[in-house]
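See structure below.
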């Protein structure tokens, strides 16, 4: 099957699963099976389409059979299709057992419609249709949050972002007479060198960055991210981080690549935004005790890291003609810094980390959901000792947390290592701004990594080690089969993404029409050194697996506390663990309220406004669906 046929089949499966899951929602278990199987098949078709285009290194175009508009799949958006497909596959399988919980509501309609809209947004050849599909996706996500008033912040911010994107599309239409991405790219490349900077589209770019930045959660446009994740189910929260926010990044990248004449300050702006988002997100994550809110802030951190790679590749290649045609940049018109390898490293590193983050963040959200499924708690202060009660989930979560902290040899380390190499190359550039930014960005990313390691130790230690702090944690049992299989499979993908990075990176470089140096795609000497450091762990792993019960004489009991009875209050708390960092960065943490200016508006989050926003979202979603269906009729 061709890539277009695979995409048509995938979207059809998503839509059919959504409709059938809604029709059978009176039987929750059956609805869960329909939504899960249909979503898994649709995700497989989506990933297969992306893999076909990426390995072929040639883009394809065609038309959607369900919706009457042209689509194109380039090696660049093929990476998004693979990301959506892999994460959607395991989230769908996980969602089957998720429906067995008494407090869970049917979500098959929203999840599968969200996936269908996201896939259509990725392959849209028209910027207007991209915005429409992204809006449908965001509205579906609004209904995946709980009915709490905090969850409605997303809808309010989303309307602002959509308004800015509509203005950007209107300006593009006024100046170039089309919203077709290929025609826009060609007409922008025909502009004479030295044209006025606003004529090149910086005003449109700013509107697009703010509009899509709201969707991606860039600080200070992140207000909806922690609230939405904390008030959503585990499968929905996983899709927010791995699908919804990644569509925002794709929109920013698409606008930045148009015409191939990106000014240098665009890249510098993305680098600054990325560094602020990464550091502040990591710092705020360390202060949180609600595990889903904590992981949401870590998503912000990784969105910032991805922006560092993309910003480095985009802005520091002034005059880079990456184009948005079928081949995504069949030619290169010029490199301002005359370092094509630097641009290739930045873009490939950002794209690889985008894929890796989606994998390990799915592990963490689904693993946290498994713990909630058995305990009813998302507050890690009320857990403890879960490692003995849920050993499979515990090991998978450890892998995911290590990947989040960018520890070798996992996939989180591999993506960040490529970005580090791009910083080192940036430091050797002839431009003064490049020599200045290279070391500063490397140090900032290292500090962010240290915060991530601390957060890993805090989450795993407080949640899975020690003694249970509540009766629910003490009575926890293993997660259901499909939930465990999904989490473990994603954890295995994290290991493969790190170990096989030297062979996977050249595949991703097909999305960048620049040569990637062999030294950066093979096992480098630092990589060998880090792997040798990890090798001493292998005997201990083998011993732990093979020793069995050969030490029957050894007894285990409560920890020795000088003859006193062990009390739950004696264990290290999450609050106490983070206190030194909280005191050290107190001035930055005081800015938390001001970095989320929406919270300063009084009264708009009352119960009445929450109900109004929900009804408005339903009306808008219905109108958009009617428009889309009428185009295909």
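All positions are counted from 1 along the displayed chain.
Yeah, the Cβs are placed from backbone N, Cα and C, and that goes for glycine too.
What TrEMBL says about a protein is an automatic prediction, not a curated fact.
Per TrEMBL, the stretch carrying the note transmembrane segment among 204-225, 336-357 is 204-225.
Record note: among 481-505, 556-580, 481-505 is the stretch given as transmembrane segment by TrEMBL. The transmembrane segment (108-124) shares the most Cβ pairs under 8 Å with 6-26, out of the stretches 6-26, 33-58, 78-96, 481-505.
Residues of the domain 'NADH:quinone oxidoreductase/Mrp antiporter transmembrane' (346-429) grouped by DSSP class, helix first, strand second and coil last, total 68 helix, 1 strand, 15 coil. Per-stretch counts of Cβ pairs under 8 Å to the transmembrane segment (264-286) identify 204-225 as the leading one among 6-26, 204-225, 237-258. Against the transmembrane segment (78-96), stretch 237-258 shows more Cβ pairs under 8 Å than any other of 6-26, 237-258, 440-460, 481-505.
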